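*Asks:* Have a look at the structure that comes next, please.
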Amino acid sequence: MVRLYNTLTKKKELFIPIDKDHVKMYVCGPTVYDTAHIGNARSVVVYDVLFQLLKFCYGKVTYVRNITDIDDKIINAASEKNSNIESITTYYIKAFHDDMESINCKKPTYEPKATENVDYIIKLIEHLLQSGHAYESDKHVYFNIESYHEYGALSGKKTDELVPGSRVEVNENKKHPGDFVLWKPANDIDYKLSSYWNSPWGEGRPGWHIECSAMSYAYLGKDFDIHGGGIDLQFPHHENEIAQSKSAFAGSMFAKYWMHNGFLTVNEEKMSKSLFNIVKVRDLLDSGIKGEVIRYALLKTHYRKPLDWTENVISDAQETLNKFYRLSRGLDTINIDESNAEISKDFIDALKNDLNIPEALAILHEMAAKINKMSNESEKLKLTESFVKSARFIGLLESSYQEWFTAGVSHQEIERLIDLRRAAKQNKDYNTADKIRDQLKQIGVTISDNEDGTTTW
């Protein structure tokens, strides 16, 4: 049985799908105006593992992760770069996909774009207007939070606490400071960049919050099982989604379970442009850090806890994965998913316990220690196959032993070093021969000298 912490009820609950034969989940995806940083990646990695677990336990799972491809930040990026919206979003959508693939994230079932669902958005706004939960003011359409009496159930914030400030837009056209925009009129930049649509309220574009309500409804219906995202989205974004969707569909629960992954800091400081400490996934990859190392580092801390990103986090992940890969030597790891090897039950049980990935990783370490002590080759092989298959379940050990340790090093270069070592030995320069052996070992190449004078690796 899967148990998940539900942010809405503030407790860990037994997960009971609305339809036991079809689990539905929605996760807020990227706003594509820049490349992904590690905070973005953490959310993707967490819900990627959840997706795999739910498929394992329940079979059919529909996972929707949206793309926000119209937003003030995107418009500003296009304007600053003297480009157009489509060029900006196309470029960053591809960059996002490339980066997430590099850290072994599988694709969701659907990945709708906001711009492709404007018709749904307009219909939802019309419905909210007709039911008295929204109003027009100065060519804008706003949601009336006082019309929804359960506002604040997710975040704990009440309507009388919402005063104009950093997270509440100051606007005298609103009935209440906490009212949020569903539709905004086009301005000069919108017309210049063609970032507007026709609507019953004039030319304009949707607000951010209504986009997710419309897309989740379009792909999952009015009720679904899990809504996920980063803790930074809990308020106001997710709170506003609930208000919109439950107001639009009387009797709807919208999302039954709400999940939020924790904040990510860098050296105990919040990531921000002003501190120049934003860590991009692409920069890490370009520096030579493997995607799987990034993934392990993001998984090591429980998803609900804050994660502090340091150099030690990366070095520990690299060291651990090197150890894990050494155990896989000689196995056909790429095709092991089709083998008869079983995923560790303890490993799966850890994941079923509110996606306790750190506990699952600890079980992998226990399996590794046991493998190293085993002398029975048959039993050792069986446990090693289970170890690798378990690790692959959460997106680790996706490469072969040789690919992992020789990435970026050609076979020709390895053979050249072996030839140099052989020549050094023939000249009785054993110091150089040992240095070359150590050099090969550092890149994961273990060599054996044969009686006939040849060397294998």
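Each residue, glycine too, has its Cβ placed from N, Cα and C.
Bear in mind that the values here come from a model prediction, so they are computed numbers and not experimental data.
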*Asks:* Have a look at 30-40, 239-249, 316-326 and point to the one annotated motif ''HIGH' region' in Swiss-Prot.
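*Replies:* Feature motif ''HIGH' region' in Swiss-Prot: residues 30-40.
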*Asks:* Can you dig out which of the ranges 5-9, 160-164, 270-274, 430-434 Swiss-Prot describes as motif ''KMSKS' region'?
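*Replies:* So the range that Swiss-Prot calls motif ''KMSKS' region' is 270-274.
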*Asks:* Could you check the binding-site residues His237, Lys273 and say which one's CB has the fewest neighbouring CB atoms inside 10 Å?
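*Replies:* Across His237, Lys273, these binding-site residues, the one with fewest Cβ atoms within 10 Å is Lys273.
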*Asks:* Would you please pick out, from the binding-site residues Cys28, Cys212, the one with the fewest other Cβ atoms within 10 Å of its Cβ?
*Replies:* Cys28
*Asks:* Taking only the Cα atoms, work out how far Cys28 (Zn(2+) binding site) lies from Lys273 (ATP binding site), in Å, as a whole number.
*Replies:* 22
*Asks:* Cβ within 8 Å of the Zn(2+) site centroid (Cys28, Cys212, His237, Glu241 excluded): which residues?
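*Replies:* My list of surrounding residues reads Trp208, His209, Glu211, Ser213, His227, Gly229, Leu233, His238, Asn240.
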*Asks:* Quick test of the contact rule: Cβ under 8 Å, at least six residues beyond the ends. What residues does that give for the motif ''KMSKS' region' (270-274)?
*Replies:* 37-39, 263-264
